[in-house]
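Input: a single structure, listed below in structure tokens.
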Amino acid sequence: MLTVTPPEAKPQDESTEVPGVPVAGGPLPHGTNVAVATPGVGAGVADPDDLVSTEKTPTLVDRVQAFRAKYERQEMALFFFAGFLYDVLTLSPVDDTLTEVQNFVYLAFLAGLLMLEQRYPEGVEPPKLLQKVWRFREDGVHFFLGSLLSAFTLFLFKSSSGFTPFVFLAFMFSLLVANELPRFRQLGPVIRIGLFSLCVTLYFASLLPVLLGRVGWWVFTLAVALGCGSIYGLLRVLKRWRPEDAAQLLRTVAVPGFGAQAMLLGCYLVGVIPPVPLAVQYSGIYHEVKRVSPGVYHLTSEERPWWKVWTLWHHGDQEFSLRPGEQPVYFFRIFAPKGFAPYHVRVRWYHDHPEKGWTSLGKGYLATVSSNGTEGGYRFYARPGTPPKPGDWRVVLETEEGHEINRLGFTVTPDTRTEPRPVTVDVSTLKIVKPVPLEEWLKTQPPAAAVPAVTVPAAAKAPSAVPGAKAPVAPVAPVPSEAPSAVEPEAVEPSAVEPSAGEPEAVEPGPEATEPAP
């Protein structure tokens, strides 16, 4: 008897159909072209066509804008310092016409951007003509502010000493960063209007002395008045555009604009702002200063030991070894624009007293200096008038009104040696700002002219000679005792010795020949 065993059921043969329950949908009609799902493939798998992204591929411009939005504050700082670096590399002297025109153009563009920013605030669509470049307006504002602030900060740096210009720049940059904070954003462009007001006044403060040939409180006050007039004109234009926002314009334009003017005037009156455009190009302390020829000075200082590496930045003898009867000599060259009227500067000597602190040695001395038409400036030197005491000293150069132009510190130590000290001689010339070593300067000078041979003519025989009488001896032409010294230049330009353009005799004397301060 045969017995048939049914095959074992396998997992793939199992069905999820419930017995007695018809399959949903019923039988398919004959001839229908329907794809049948293969076993093992889930019903939730998406169509391959649906896996292709239909999102638009970002363009290069989109990626750049996304990058700028991500690093917005860093971009503002970059544009600010880009303007600063540009002026450091390209800035000319304060009396350069191109520099003044460039700063005026920057101020005009900055004023236009700030006016448009007030005309079309956030939420107001600008005209179609400006829509393509409107997103770059903040970059332009920061670039022009950076360029102007850097230019004026460099002018202040040249006209002062110490860290005041760096503090001023840090203060300006902190205001610029604060303007991007949400709390300051709610106030509108208050900080930028204040910075613009500062730039306008500093521009006129550097331009007016060049045009008038004068410095003084009344010149700076005139610059502040012109700055106030600029802010008033800006306010009038904005009120005409937005008459309904008069109160807001008063808060966002008038208060920061006129407030900046008041702050600048107060800083000048207390001596914080230096007297632009006067600037000391070089200063140093020496044992001896001697004028050897028109336009040429010998500056003698003690030779520095090789191991005193910290003295590489010293100018002359800022570590002054004092022997009996010696006095330090303060040598400086001061720049003023062409056509500047003669003016007074005061040289003050201060000693760090062990008990009283810094005390002034008298009231100082007044020296009359003027513009010599060169970038090197007008040279002068002064002595304290008495041998100084050992200790720390400071010499300060300031205007007649008391605004500091330059200061230089040095230390006096007693020297009991009697043997000759080794010295270094530097040469200061009219057109080279920094003194050069004597050896290097001699290499640039033409060689000394050779002494021409002297021909002695033969004695002429007298027509009525007496027999036995001696013939007269012909006179011999004098022979120069020595060739011209190589220290003196072969030729001096006429403009270098004229009192109005170069080094008159008044350059040379020290305080004993200057006018004592009243």
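Including glycine, each Cβ sits where the backbone N, Cα and C put it.
Keep in mind that TrEMBL annotations are predicted by a computer and have not been checked by a curator.
Note that the structure is a prediction, hence the values are computed from the model and not measured.
Per TrEMBL, these features apply:
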DOMAIN    344-412  domain 'DUF2914'
REGION    1-20  region 'Disordered'
REGION    467-518  region 'Disordered'
TRANSMEM  140-157  transmembrane segment
TRANSMEM  163-181  transmembrane segment
TRANSMEM  193-211  transmembrane segment
TRANSMEM  217-237  transmembrane segment
TRANSMEM  249-271  transmembrane segment
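Within the chain carrying the transmembrane segment (249-271), a Cβ under 8 angstroms from the stretch's Cβ atoms is held by residues 118, 187-191, 193-198, 201-202, 217, 220-221, 224, 227-228, 231, 234-235, 238-239, 242, 402-404, all 6 or more beyond its ends. Sequence-distant contacts of the transmembrane segment (193-211) (same chain, six or more residues past either end, CB-CB distance under 8 Å): 94-95, 100, 103-104, 107, 110-111, 114, 145, 148-149, 152, 155, 172, 175-176, 219-220, 222-224, 226-227, 230-231, 252-253, 256-261, 264, 273, 276-277, 337, 340. The DSSP breakdown of the domain 'DUF2914' (344-412), given as helix, strand and coil counts, is 0 helix, 42 strand, 27 coil.
Along the domain 'DUF2914' (344-412), the predicted structure has mean pLDDT 90.
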